[in-house]
Amino acid sequence: MYTFGYFWLVILAILGAINSSQADLQLNFYAKTCPKAEEIVQDYVHEHIPNAPSLAATLIRMHFHDCFVRGCDASILLNFTSSSGNQTEKIAVPNQTVRGFDFIDRVKSLVEAECPGVVSCADIITLVARDSIVVTGGPFWRVPTGRRDGQISSASEALTNIPAPFFNFTQLQTSFANKGLDLKDLVLLSGAHTIGIAHCFPALSNRLYNFSGILGNQDPSLDSEYAANLKAKKCKTINDATTIVEMDPGSFRTFDLSYYTLLLKRRGLFQSDAALITSSTTLSYINELLQGSLLNFYQEFALSMEKMGRIEVKTGSSGEIRKHCAFVNS
């Protein structure tokens, strides 16, 4: 009996270690240590995002990119320093068009003034992403807190781990599975593209002018009429790195289902968008969402966002609570 009991104690200890990071996250984690923290974040978002609603899209993108590299630990915010010797995630190609770093810094300074050294930058990114979507009319999701900040940031890891806009279905499936996310999560989280914007170069330009590395080739999976319109009115040259294109044209300020409607019309902007209709499984999820209500989409999206916000989080004594989001504590 002793041996049997000991065996189960070991098993429970292992399971506990696996689940501890998620178990340590809890709603209102700062209720006693910084009771106004979430209110401060929400008030700042409510004051500023309505004046710059496009920032909501980049803030949720920041959250996504952060969680896919070393988990949701605010490693995306770290600047390069000579002491670390690492080029950080910020300068990696996938993050060169991410905006909102100053926004996070300003929120952090307000929270620090209220409760120095208590609230992590990782939690601030997560709360800001959620509140920004809500204030622009999108879905609400629960954000359990208690994340701690990472101390390592690597540009090469960002390039390896963040799903690229030219990924095919198999690459997307693998990338998401590596983070504990399934195909339903892939479809739902891609739905954030309903408020997204993108630069012509390089992801879209290659679909229009240099598909498969052949100059003059156009991606046959892209609706030809839509492609012609993009060439005529938006991405007029192959190397246009300044023009911005709406990912859900005509509806990009509204968090709705029209992104999925465009996918079925072969008008997804990226190859990774188009890839979602190349699998019978993901295509089925898309059709289910379109046949359902907007409320159903919001509820399903919320569940996937909560799941993403738990990826490889640091809790307890792991990591630190940074004083300044761009630098590890000295």
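Note: Cβ is positioned from N, Cα and C throughout, glycine not excepted.
Pulled from TrEMBL:
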{"type": "ACT_SITE", "residues": "His65", "note": "active site, proton acceptor"}
{"type": "BINDING", "residues": "Asp66, Val69, Gly71, Asp73, Ser75, Glu89", "note": "Ca(2+) 1 binding site"}
{"type": "BINDING", "residues": "Pro163", "note": "substrate binding site"}
{"type": "BINDING", "residues": "His193", "note": "heme b binding site"}
{"type": "BINDING", "residues": "Thr194, Asp248, Asp256", "note": "Ca(2+) 2 binding site"}
{"type": "DISULFID", "residues": "Cys34-Cys115", "note": "disulfide bond"}
{"type": "DISULFID", "residues": "Cys67-Cys72", "note": "disulfide bond"}
{"type": "DISULFID", "residues": "Cys121-Cys325", "note": "disulfide bond"}
{"type": "DISULFID", "residues": "Cys200-Cys235", "note": "disulfide bond"}
{"type": "DOMAIN", "residues": "24-329", "note": "domain 'Plant heme peroxidase family profile'"}
{"type": "SIGNAL", "residues": "1-23", "note": "signal peptide"}
{"type": "SITE", "residues": "Arg61", "note": "site 'Transition state stabilizer'"}
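Distribution of TrEMBL features across the structure.
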residue : record                             : contacts (Cβ under 8 Å, 6+ apart)
Cys34   : disulfide bond                     : Val111, Glu114, Cys115, Val118, Val119
Arg61   : site 'Transition state stabilizer' : Val98, Ala192, Gly196
His65   : active site, proton acceptor       : Ile76, Glu89, Pro94, Asn95, Val98, Ala158, Ile162
Cys67   : disulfide bond                     : Lys179, Met308, Gly309, Ile311, Glu312
Val69   : Ca(2+) 1 binding site              : Ser75, Ile76, Glu89, Ser153, Ser154, Glu157, Ala158, Asn161, Ile162
Asp73   : Ca(2+) 1 binding site              : Asp66, Ala122, Arg147, Arg148, Asp149, Gly150, Glu312, Val313, Lys314, Gly319
Cys121  : disulfide bond                     : Ala74, Leu77, Ile104, Lys108, Asp149, Arg322, Cys325
Cys200  : disulfide bond                     : Lys234, Cys235, Asp240, Ala241, Thr242, Thr243, Ile244, Val245
Roughly how many Å lie between the Cα atoms of Cys72 (disulfide bond) and Asp256 (Ca(2+) 2 binding site), rounded to a whole value?
26
Under 8 Å by Cβ from Asp256 (Ca(2+) 2 binding site), counting only residues of that chain that are 6 or more apart:
Thr194, Asp248, Leu294
How many other Cβ atoms sit within 10 Å of the Cβ of Cys115 (disulfide bond)?
16
Output field, Ca(2+) 1 shell: CB within 8 Å of site CB centroid, site Asp66, Val69, Gly71, Asp73, Ser75, Glu89 dropped
His65, Cys67, Phe68, Arg70, Cys72, Ala74, Ile76, Gly150, Ser153
Roughly how many angstrom lie between the C-alpha atoms of Pro163 (substrate binding site) and His193 (heme b binding site)?
14
For Gly71 (Ca(2+) 1 binding site) and the residue listed as 'heme b binding site', the CA-to-CA distance in whole Å is 21
Just to confirm: which same-chain residues, 6+ apart in sequence, have a Cβ under 8 Å from the Cβ of His193 (heme b binding site)?
Met247, Asp248, Tyr259, Gly268, Leu269, Asp273
Quick one: mean pLDDT on the domain 'Plant heme peroxidase family profile' (24-329)?
96
Would you please pick out, from the binding-site residues Ser75, Thr194, the one with the fewest other Cβ atoms within 10 Å of its Cβ?
Thr194
